[in-house]
Each structure stands twice: as C-alpha cells, then as structure tokens.
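As written in Swiss-Prot, here are the features:
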ACT_SITE  94  active site, proton donor/acceptor
BINDING   248, 336, 342, 372, 444, 475  (E)-cinnamate binding site
MOD_RES   192  2,3-didehydroalanine (Ser)
C-alpha cells in the first residue's frame, strides 16, 4: 500500500480519497488472507510507507527479522543535519529551543540537556503493583511494546523527524535480539503522542538507571546488560529534537490497535463460517443466503457474508437431509428460521465493513509521520502541527469494539438456540450427550459462562473517546485516548475468543449428536419395522409406512433415554396410529387388532433398550457403520481441527472430563493462531462471488 504519492497522483487525488477507496477493492476474505500471508513472512522490510497490520502483528509475536531500507538513510540524515544547522543559526523551533506543551514560552540554547530532561520528566509511569504474585500487571504486554518499537522506527524512517539513523538501527537491533524495554501500561492519552510509554524506550536508549527490559528468555535486564547482549556499543547522547522525535508519536496506541485488528479480522471471518455451521446443524433453510436478497440491499459486507455462508451450505449433506425432513413434515418447524440464523448476513455485514474500515485507518496511521514539529528540509523549515493527535486510533478502536460486541451478541443468540431443545430441532437439552439426561447437564454451565462473556463484551462496547479530560495545563485540551481504547478493544478480543471457543466446541458437540441421532434413528427404524412385520402380520399392517412415518418424524432424543417407557412420545404416537387403524377396521376384526397392539408394544419394550445400548456402545467404540455427515461438508476442516488435532470428543456426564478442559484446548489453539488454516480451508474453493441467480 502506497501512501506517499508521486506528484501526478497527488495532483489528481489531493485529498487521498481515491487511494483510500482503492485499498477497499476486492473481498474482505482476500484481504484477511493477505494479512495472514504478511504475518508469516520471515522478514519485514521497513521503508516508512508500506508497513501492514500483518507485519506488525508478526513482529509483535517475535517472529520475523526486521530490516531497514538503506534508501531511507539519506532522508533521515538530512532532517537530522537540518536540526543541528538550525541550532547553529539560532532558529527558534518548538522542542529544540523551547519548552514543551504549555511551557513552550521558555527558551534554552542547551538542546541536548533539554532532550534529557524531556525523557526524565516523562518517565512518570507506575510499574509497581503491591502484589508480588502479579508484578507485571501494570506493564504493557511485550508484544505491544515490540509493535510500538517497529511502528516508531517506521515513522522516523520517513525523514521528517530530525533523528539519527543510528538510533533507528539500535532499536531494530533490540527487536531482532528479542530485547524489549518495559513500558507502563497506563499513563498516555495518545495526544502529543504516547509520551509517557515512549519515553521509556528513549530512556532505555540513553541508559537511564530506572530502565529495564525483558530479554529473549523472559529475564529482566538493565539497559547496560541488554545493550551488551544485543551488541550495541554504547548508550546514546541525545541531540536536539531526538528525544522529542522518539516520544512524540502515536506508536503505542497504533501498535496495540494493529495486533487487535489482526485478531478481529480473523474472528469476523470465523463468525461467518460459524453461522453457516449453525444453519447446518440446526437443519436451517438455506434460502436466507440467496444472492438476490442481498444484492437488493446493496451493502458489500452483507453480500460477502451471505456469499460465504452460501458457499459453505452449497452441497452440504446436512442441508440435503434437512430439505428431506422438511418435506416429510413441513409443520415440524416454523416456515422461516429465527433471526439469529436467517438475518446473520444482515447482522454481520456492517461489522465486516466497520472492522475493514478500522483496519485501513490504522494501516494509514502506522505509515504516517505523526510527531511535531515536522522537518521539511526541501522548504528549509520546521512545521508546527498536530499529527500526534491519535484520533484515528481512538475512533477506529471504539468502532471495532462495538462491532466485536455485535458479533458476540449474534454468537450468543445462536448458542442459546443451539442448547435449547425447544428451538434446536431435536437435539437434547443442553446438548447433553450421555444416556441419562437427569445425570448429564451438558453445556448448561457453558451457557451461563456465555451469558457472562456476552454481558462483559456489551459493557466494553461503550465508547472510550467521549471520556476526554483536558491535560498539560489545558494545552492538550482535546485528546484521543487511543491507547486506552486499544487496550479496551484488546480485552474485547479476548472475550470474543472465549465465546468463539465455547461456541465452536458446542457446534462440534451438536454435529456429533446429529450423527448419533442418525445412527439411533436408523436402529429404531429397523427394530420398529422388524417388530411390525413379525407381530402385526395382519391387515391393515402389512404396509407399515404410517408406523415408520411416526419414527421418522419423532425426535429421537425425546425418547431414547427411556425407550422402554410406554409413556415416551414415540410409544404414545405409535399407539395412536395403531388405534386409528384398528378402529377403522370391520367390527369383527377390531379385538384381534387390539391384541396385536399390546404384543407390538411389549416386543418394542423388550427390543428397543437393547438396540439403543448396542448403538451407543458402538458409537463410543467407533465401530458404527454410518459415516458422520460433517465429513461431506465444507465446514469439516473446523470440526476436524477440534476433534482430531486438538483431541476432543463428545462430552457426556458419564465422562470425568469437564467442558472447560476442552475449552482450554481450543482457546489456547485459537490464541496461537492455529484456527486460521482450517478456517481458510473451509473457504478454499470459494471464488469470491455469490452463486449466480441467473
């Protein structure tokens, strides 16, 4: 992505709207795939204008090596030389000869001492917690600090900041040696940049005695120990403007925003696929994805969400079976699915657009020059402005957080339908997988946890940026709160990962229960058919389609826990069918028919429990001969990931294993990025367009 344009382009697009629009071409999914590709590259080349969210997230995680473009050296040196020459000319420039902020009326000719004092007074953060067991809770997480170092170097490489190239090389060396200065978690309003946290990077570079860092193995190092380990020869004596160049920028807020958006983009794609999986396992009607509906609404996010769901559902074995079931009994479920399923593209579409727009906004920010003053060597002047105002970060993060909360709300609505036997089209209550529902409450605890997660997520959706307080003696009277909003959004991402984990395990549980349902129903059909033939060997029961129709229409989990009970729904409905047929017979044959009904029920009462137990045992041992339909679906890679790669299985009350143990496995894998490949595999055949309606 290019941000500094040649003159011809600048003249044709002076407001940069065309460049911004160009960046939105293509699908969101392709953009996310590119983001992941950037993340997985082994090297990040910094030149000042082409840094991506994926690269920032990668460096944050400690992955690639960072290299500086030699082409940037000349511009960086020119701005640094200009500062020194301006001092010699007695040019009055903010932060070089003046005090800072509301104290800019003050003057000094001791430029180096001024920078040293700047770093000293900005080292105002608090690391202490008063709790020895939690001694890092007031420290910015290491990944965010690494990302901030990268972004600050990228900004300074553009040659408008008056800093030596050697300082940028030193920061890069520290990054590549996995040495990370400790920064305070709080204390910045991201206006005049992230002054307080960035001052600790500057303090580390000049060897301040209070500076500490985390080494490659997690050990705490002093600045001296770290420099020796990295092979950096000595601390820096800051020249005029260099301290200000290091601290006066939005790097910390945009760093955390970048890592947040990397995860958020993946989670929104997951929510699209998960909604399609929900439709599959709920025996939903796929017409909600029909392209005409979404084409007429015009919103690109909605159209893409529907197209992705349509792709997952196209050819799905569950969808084919559901169509068959709907034909057998059109009144078994509502004509239209509920909103959490039917309007999921309309719900997710705006969230996709918001997160995509936020991603572009932050990507522009991390490639921007955002300090003050800016050194314009070509015009031989310093320009005093306010690019340090991190409003794009605060606004983008507030919007992202609201989108994440909406995604979580949809996920919760789908989850609560899935575990409720009044809504889930025949699955057991709480998705209980055991033999005795009175001793197996399945995901009941998980539903409570999901309510908790969702409530917290909705609370976090409240905006941060409207809580501005005036600072620096009313010099910073409006400020972005960019890092605070980024931190809050990072919390929201964690909670949405918890929800995604719980929901994905629940979907896999539901798919397995559909499989068990199919095996059990087949076995019950065979028992009822055999018994009807052997016991009801009189007219009108030689053709027993009506009897099997009852079996096919009745939800198997409504009776399978106690199949021998004469009061279970299956037995009652079979009895009604037989009574109706018996009463329709000539008067002389009625008594014989009624005697057959009793024998029929007695035989079922004897055979069904044995057959149900045999099927359950075979299912548990994996010796059944009915394939799981999920293997014939495009959503299978996610199921395989949870069941095979992470070694989870159907949860039952008979197993000592708790749901939380499986949730831990899945959450850890999601946090490690292992969800990405199976997620993309679900969509590997999608051509980026809806199925044609012509």
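Each Cβ is built from the backbone N, Cα and C atoms, and glycine gets one as well.
On the structure: features taken from Swiss-Prot.
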| residue | record | Cβ within 10 Å |
| --- | --- | --- |
| 94 | active site, proton donor/acceptor | 16 |
| 192 | 2,3-didehydroalanine (Ser) | 25 |
| 248 | (E)-cinnamate binding site | 23 |
| 336 | (E)-cinnamate binding site | 12 |
| 342 | (E)-cinnamate binding site | 18 |
| 372 | (E)-cinnamate binding site | 22 |
| 444 | (E)-cinnamate binding site | 15 |
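For residue 94 (active site, proton donor/acceptor), the spatially nearest entry among the binding-site residues 248, 336, 372 is 372, judged by CA separation. Residue 336 ((E)-cinnamate binding site) sits 54 Å from residue 192 (2,3-didehydroalanine (Ser)), taking the Cα positions as reference. DSSP gives residue 336 ((E)-cinnamate binding site) a coil state; it is part of no helix or strand.
On the backbone, the CA of residue 342 ((E)-cinnamate binding site) and the CA of residue 192 (2,3-didehydroalanine (Ser)) stand 47 Å apart.
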